[in-house]
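In Swiss-Prot this protein carries:
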- 1-26: signal peptide (SIGNAL)
- 32-182: domain '6-Cys 1' (DOMAIN)
- CYS36-CYS62: disulfide bond (DISULFID)
- CYS77-CYS152: disulfide bond (DISULFID)
- CYS95-CYS150: disulfide bond (DISULFID)
- 283-415: domain '6-Cys 2' (DOMAIN)
- CYS287-CYS315: disulfide bond (DISULFID)
- CYS332-CYS400: disulfide bond (DISULFID)
- CYS341-CYS398: disulfide bond (DISULFID)
- SER415: GPI-anchor amidated serine (LIPID)
Amino acid sequence: MCMGRMISIINIILFYFFLWVKKSISELLSSTQYVCDFYFNPLTNVKPTVVGSSEIYEEVGCTINNPTLGDHIVLICPKKNNGDFSNIEIVPTNCFESHLYSAYKNDSSAYHLEKLDIDKKYAINSSFSDFYLKILVIPNEYKSHKTIYCRCDNSKTEKNIPGQDKILKGKLGLVKIILRNQYNNIIELEKTKPIIHNKKDTYKYDIKLKESDILMFYMKEETIVESGNCEEILNTKINLLSNNNVVIKMPSIFINNINCMLSSQDQNNEKNYINLKADKTKHIDGCDFTKPKGKGIYKNGFIINDIPNEEERICTVHLWNKKNQTIAGIKCPYKLIPPYCFKHVLYEKEIDSQKTYKTFLLSDVLDTPNIEYYGNNKEGMYMLALPTKPEKTNKIRCICEQGGKKAVMELHIASTSTKYISMFLIFFLIVIFYMYVSI
């Protein structure tokens with residue numbers, strides 16, 4: 001018994017060491033991790049809970065909406081044992097190498113990764129004594145629109161409770177991954193005409209970039225790469241996994257004008273110079289509380305000192321609306337509430353039948369870590385970008401306070417569901433119209 005417990009503890013230590021190492025690598029390569037933990041996390045584990053004898057199982061899980069290149073999706077599922085997981089199973093068995101295209105189909109309905117146009121090397125599997133660890137790495141190129149699923153299914157595990165009409169029943173852990181084609185803006189270096197220098201085997205490329213562009217180039221083995229003055233390109237994503245193809249995804253915002261150089265030299269002394277240029281991002285929607293509307297650094301806002309004492313005024317900004325606006329900012333060189341806006345935001349929740357704004361992590365509100373943050377503490381300027389449209393519509397706030405006066409930035413974030421609701425309404429109106437005409 002002690003030996004089994006010791007092995008379990010060692011496994012947990014090794015697991016978190018693995019995650020720490022992987023996290024360090026991911027930070028180096030600027031990837032995002034989505035962890036669906038059905039074993040260690042008390043909020044999402046699939047252990048049995050007390051339910052009525054006729055009740056169905058509880059479902060827990062996570063949704064990964066449009067992950068980008070190099071991102072890691074991690075599934076942690078307990079192994080079958082004689083206790084809480086006596087009838088647990090992973091469906092499909094070799095997830096993520098195969099996955100379901102419907103949440104509740106069985107193992108025989110699984111499709112292979114080739115159906116998804118993804119190479120097997122992007123699916124990583126590890127086995128510990130108590131649990132399975134499965135990782136899907138989003139590839140450099142993906143050109144389909146699909147929603148896929150994997151299940152950590154403990155719903156068949158049941159235990160009677162003596163003297164009660166209730167039972168202990170396991171939960172269903174569901175991983176939902178929404179994949180969308182997001183690579184329409186790829187710049188392939190091999191298809192770009194270089195400027196050939198006088199020196200032999202030396203090439204130079206001049207690349208003009210836009211926000212969210214993807215730069216792809218092939219790098220031979222044993223190539224030395226150096227960066228000159230490219231540190232001002234914040235929030236880039238880099239992926240090196242695919243056959244020596246290097247992919248760099250540009251951020252949603254360029255804080256400054258960019259003019260920097262990447263240089264490489266391989267073992268055959270072939271030299272490549274890539275000159276990257278980009279213009280500073282302009283016309284950012286947001287609220288500047290130091291200038292009149294239209295006069296500040298952002299499109300909207302007002303002078304906070306013009307607000308009557310003890311009153312508040314709201315400045316409203318929309319993200320992911322019809323114009324697909326994905327970035328927003330606030331300028332407040334005064335007291336900011338919450339202090340770390342936009343990482344922390346005010347979000348309305350109902351507590352004791354009363355609606356009130358409380359502080360939450362924006363990543364928790366939107367249920368995604370795929371958020372870009374930018375800040376200039378000295379100027380009191382902060383920005384965020386949402387490269388991926390959230391699944392749910394949300395309304396959040398940050399407050400700028402000065403001498404008892406409050407200027408509220410209210411951010412309305414549209415969702416993917418809005419589009420489908422609009423399509424449904426159009427279809428519904430067409431049906432009503434034809435019914436009316438035919439009468």
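Every residue, even glycine, has its Cβ placed from backbone N, Cα and C.
These figures come from a predicted structure and were not determined experimentally.
Taking CYS62, CYS77, CYS150, CYS341, CYS400 as the disulfide-bonded residues under consideration, the smallest Cα distance to CYS287 (disulfide bond) is found for CYS400.
If you take every residue in the domain '6-Cys 1' (32-182) and average the pLDDT, you get 90. Here the C-alpha separation of CYS332 (disulfide bond) and CYS315 (disulfide bond) works out to 13 Å.
Among the recorded positions CYS77, CYS95, CYS315, CYS398, CYS400, SER415, the ones whose Cα sits within 10 Å of the Cα of CYS36 (disulfide bond) are CYS77. Cβ-based neighbour count (10 Å, all protein chains) for CYS62 (disulfide bond) stands at 20.
For the recorded site, CYS77 (disulfide bond), the DSSP three-state label reads strand. For CYS341 (disulfide bond), the same-chain residues that are 6 or more apart in sequence and have a Cβ closer than 8 Å to its Cβ are ILE330, TYR382, CYS398. Neighbours of CYS150 (disulfide bond), defined as other CB atoms within 10 A of its CB across all chains, total 28. Within the domain '6-Cys 2' (283-415), the DSSP-based counts of helix, strand and coil residues read 8 helix, 66 strand, 59 coil. CYS315 (disulfide bond) is surrounded by 21 other CB atoms, counting those within 10 A of its CB over all protein chains shown. Sequence-distant contacts (6 or more apart, same chain, Cβ under 8 Å) of CYS400 (disulfide bond) comprise CYS287, PHE289, ILE304, ILE330, CYS332, TYR334, LYS335, LEU336, ILE337, LYS406, ALA407, VAL408, MET409.
Nearest in space to CYS152 (disulfide bond), taking C-alpha to C-alpha distance over the recorded positions CYS62, CYS315, SER415, is CYS62.
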